[in-house]
2 protein chains.
Amino acid sequence: MPSQCVSKQTLQRLPTYLDYLKRQGTDPPKNISATAIADALNMNHVVVRKDLASISTSGRPKVGYDRVNLIRELEEFLGYDNADDAILVGAGKLGRALLSYDGFLQYGLNILAGFDTDPKAVNLEVGGKPILPMEKLEDLCERTRVRIGIITVPGDYAQAVCNLLIKSGILAVWNFANVHLDVPEGILVQNENMAVSLALLSNHLKERFSTK
Amino acid sequence: MPSQCVSKQTLQRLPTYLDYLKRQGTDPPKNISATAIADALNMNHVVVRKDLASISTSGRPKVGYDRVNLIRELEEFLGYDNADDAILVGAGKLGRALLSYDGFLQYGLNILAGFDTDPKAVNLEVGGKPILPMEKLEDLCERTRVRIGIITVPGDYAQAVCNLLIKSGILAVWNFANVHLDVPEGILVQNENMAVSLALLSNHLKERFSTK
């Protein structure tokens with residue numbers, strides 16, 4: 001098994017390859033090369049070759065990959081057969097968007113439930129996921145042994161929610177609140193700032209204009 | 001002026017520094033060092049020093065930064081005085097979450113309006129932004145000369161929306177649909193897959209467990 005450590009960029013492209021490999025019509029080729037995939041997707045040959053090499057060792061020169069085998073390897077890497085569970089706290093607009101986002105399945109990720117303090121939100125279902133009252137959080141974490149918590153509450157509440165998650169056994173936090181979280185050693189925190197990506201794009205655009 | 005090219009990680013941390021520098025009470029210090037900021041935020045000294053050096057050249061050894069000056073430099077870099085406009089197509093849950101997300105302002109970004117084909121969504125206001133019918137897209141782009149378009153429609157419609165955006169003068173596309181977009185040369189595309197970040201976190205967690 002190749003290293004599990006791939007870049008974010010590679011991770012982002014893997015479902016595209018998988019999707020393409022599966023859409024090969026009624027008489028699919030037995031073997032397929034990285035170059036052929038790159039051409040079909042209008043992508044850089046070197047990028048595709050490196051991406052596939054990082055998750056599979058079965059490619060052969062001049063032959064390429066066994067298509068069915070590569071599909072299996074991609075699915076295995078992306079965790080299709082072994083979904084990871086997560087819970088989410090804060091069922092506002094962003095929280096609900098994440099609860100109903102169907103892209104997580106592509107990566108073998110499953111949000112079990114959302115939690116909120118708002119009585120109007122509690123007991124609703126969003127994207128087929130229940131929104132539960134905060135009082136049930138600890139119990140659900142204990143029963144399901146879920147290890148990933150997603151924070152989509154306003155910044156002022158984020159640290160308190162983070163503390164509760166850690167107390168409930170959460171080991172990894174995906175933080176959408178724009179505040180710095182203090183956590184004990186051993187707890188993973190990944191900060192997500194939706195604005196940063198848009199800011200990057202806007203910066204790239206400015207650079208391009210300023211060099212012309 | 002230092003280079004405008006900073007990493008995504010640095011960009012993500014800049015508002016944290018700015019926020020901290022502004023929260024210095026009624027009698028704030030005139031000068032402040034990268035080390036002091038790092039200590040207060042429980043962050044790595046080297047990281048903070050490099051981040052600040054990438055957007056300011058005014059820091060002096062043993063003295064640090066002039067606080068007011070550093071605030072101004074951060075705000076300028078983040079575009080507080082010169083907001084970039086964008087439009088969004090697809091006012092579903094994710095689109096609405098982005099329309100009402102207040103974090104964009106931190107980066108001098110402003111979504112002017114959302115667009116949708118659904119008559120039930122059209123003419124609603126979300127986060128103070130109007131949702132307009134698709135027929136108005138070209139006209140608004142022409143009048144405002146907006147250059148950034150955000151795609152939050154289902155995958156099947158993304159390419160058609162992208163074509164319309166480009167026809168309307170959009171130069172940079174922030175794509176949330178999980179499909180590969182074909183664009184002419186010169187158009188910037190940044191793909192955003194919400195699941196990738198969660199997948200990364202989940203991978204890190206697995207690595208940590210497997211090495212213990």
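From the backbone N, Cα and C atoms, a Cβ is placed for every residue, glycine too.
Database features (TrEMBL):
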type	residues	note
DNA_BIND	A:16-55	DNA-binding region
DOMAIN	A:80-180	domain 'CoA-binding'
BINDING	A:GLY90, A:ALA91, A:GLY92, A:LYS93, A:LEU94, A:GLY95	NAD(+) binding site
| note | Cβ within less than 8 Å of chain B, restricted to binding-site residues A:GLY90, A:ALA91, A:LYS93, A:LEU94, yields A:LYS93, A:LEU94
| remark: On the domain 'CoA-binding' (A:80-180), the mean of the pLDDT values is 92
| Those residues of the chain, 6+ apart, with a Cβ under 8 Å from that of A:LEU94 (NAD(+) binding site) | A:THR152, A:PHE176, A:MET194
| Secondary structure of A:LYS93 (NAD(+) binding site) (DSSP, helix/strand/coil) | helix
| Between A:GLY90, A:GLY92, A:GLY95, which of the binding-site residues has the fewest other CB atoms within 10 angstroms in the structure shown? | A:GLY92
| message | Test of understanding: give the count of other CB atoms lying within 10 angstroms of the CB of A:ALA91 (NAD(+) binding site). | response | 27
| query | Counting every protein chain present, what is the number of Cβ atoms, excluding its own, within 10 Å of the Cβ of A:LYS93 (NAD(+) binding site)? | reply | 20
| message | Quick check on the DNA-binding region (A:16-55): DSSP residue counts for helix, strand, coil, in that order please. | response | 26 helix, 2 strand, 12 coil
